[in-house]
Amino acid sequence: MVNESLNQEESNDRPAPESEFQMDTSYSTQPSGSIHPSVSGHPSVSGHPSVSGHPSVSIHPSVSIDPSVSVRPSSSALPSTLAQPSGLTHHSSLVREDSVIKVSKRRWVVVLVFSCYSLCNAFQWIQYGSINNIFMNFYGVSAFAIDWLSMCYMLTYIPLLLPVAWMLEKFGLRTIAITGSALNCLGAWVKLGSLEPHLFPVTMVGQVICSVAQVFILGMPSRIASVWFGADEVSTACSVAVFGNQLGIAIGFLVPPVLVPNIKDPEKLAYHISIMFYIIGGVATFLFILVIIVFKEKPKHPPSRAQSLSYALATTDASYLSSIVRLFKNLNFVLLVITYGLNAGAFYALSTLLNRMVILHFPGEEVNAGRIGLTIVIAGMFGAMISGIWLDKSKTYKETTLVVYIMTLVGMVVYTFTLNLNHLWVVFITAGTLGFFMTGYLPLGFEFAVELTYPESEGVSSGLLNVSAQVFGIVFTISQGQIIDNHGTMFGNIFLCVFLALGSALTAFIKSDLRRQRANKDAPETKVQEEEEEEEGSNTSKVPVVSEAHL
């Protein structure tokens, strides 16, 4: 074992003696030298991967580096790295800028702002369905027409996923965030033009605009978590990002029944509806401004080794369609797409039709129907947070996903056979139990998908999961609605139980191929540091201490 300690001052003042280091003849130290095509480094710095020392000394490929300094891996995606001798001429400050692993304090601001405008958009999705019967009376339309105010969110997502996912790769997080929040704001204000019984088409237009905004939102949680958070925080961060969407649904169940009472006078009803629309319009506008001010594209440094590798592997001419083809060749991911769609689709159908089911068993209980929906989502948010923290600690993605899926099935069965007991408190308990697992599953699916598909784009993988959810959501909502109208709520819920049982069985066949975790483990250990804002302008750097494992 040979240990060489490189002195800072000597490396800056003079090159290494020829007897100490000798360059490979294929490597050029001149700034004008050619760059080997197989190596991806900082945009302005690349080197030949084969660097040898003195002829009598062979440097082993496994080189340990001081935790404060990280060296960019080669594009072969192998985690091993080679230390750069002090005699090599390169822009060291630029290399350090791109290779140091740090997490930014801004990361929590970014994820919280995203959660807030995701909350606002989710509220607008469910605000009609939570008081389905009131809007039916106000606009003079059928229950199926009101259901489409919810289902348009699902339908719009399907054709727009691929263009928006491409935009996410092409233009980045900030552009997508601003576009999504702007559309969300616009849709909220358009609805204010629909405060007359004959203006149902206007409220539909506003809802469609909000549904387009949703396409710019749903695929973001796993991408934000990967780009901004460290390896031990990604699952928690993804849960926080999804948390906002779930909280918006919860508020959408709770607030509309309170703000819009079930009264017959159209003018008074229009006044109460306008209050709700003005509130959501003001909130959406404030959040749009907030996104412009605080949302950044990405942190100064990659927050994890896996993200650093992702930067190194990224190419500007990468084929977007080829990425999708690779994903569909991944059997484990295909199974997850199906199982996630079954679970999330059941949740969408249950949320859309909940008011109708509760009113059938408990007439006049619109407010309590909203509270039951609130209970489902609040319990699910706790489930999501607990699952995220557990995944960060245990990394048991397959096992956790399977257990949560099975418990979702159990909760759905219990809810199905207790709804007709005519005890409202029993419905609250069973619905809360169902929500804890059903809603808690949603962020698990996102994170499991990223693990199975790394280093493919998180936006593409999560987008495909959401397409599956929207397709099953439309099918389940229409089918269950028809079953409820013709055969009652029990058979409608049994319909969902059958598909949740199928999803549980398919989940058991998914292999735990955790590629992102392997990338983090196989790469050299790196001490993750909190990025101090005042350090961003500093050019000071530490020189690595290189340990050569073999002579």
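Keep in mind that glycine also has a Cβ here, set from the backbone N, Cα and C atoms.
According to Swiss-Prot, N121, A122, W125, Q214, L218, Q470 bind choline; the candidate from Y348, Y397 that the record adds to this site is Y348. Relative to the membrane, N330 and E456 are recorded by Swiss-Prot on the same side. What Swiss-Prot records as phosphoserine, among S19, S56, S70, S541, is residue S541.
The transmembrane segment (366-394) is not in contact with the transmembrane segment (265-294), judged by fewer than 3 CB-CB distances under 8 Å for residue pairs 6 or more apart in sequence. Just going by CB pairs under 8 A, the stretch in 200-228, 234-259, 265-294, 331-361, 423-452 that sits most against the transmembrane segment (489-511) is 331-361.
Per DSSP, the secondary structure of the topological domain 'Cytoplasmic' (229-233) breaks down as 0 helix, 0 strand, 5 coil. Here the transmembrane segment (265-294) touches the transmembrane segment (173-192). Their Cβ atoms form 3 or more pairs under 8 Å, with each pair 6 or more residues apart. Among residues of the same chain six or more beyond the transmembrane segment (234-259), those with a C-beta under 8 A of the stretch's C-beta atoms are 107, 111-112, 114-127, 130-131, 217-218, 220-222, 224-226, 228, 272, 275-276, 279, 304, 351, 354, 366-367, 369-374, 376-378, 380-381, 384-385, 387-389, 391-392, 439, 442-443, 446-447, 450. Segment contact holds for the transmembrane segment (200-228) and the transmembrane segment (143-170), given three or more CB pairs below 8 angstroms at sequence separation of 6 or more.
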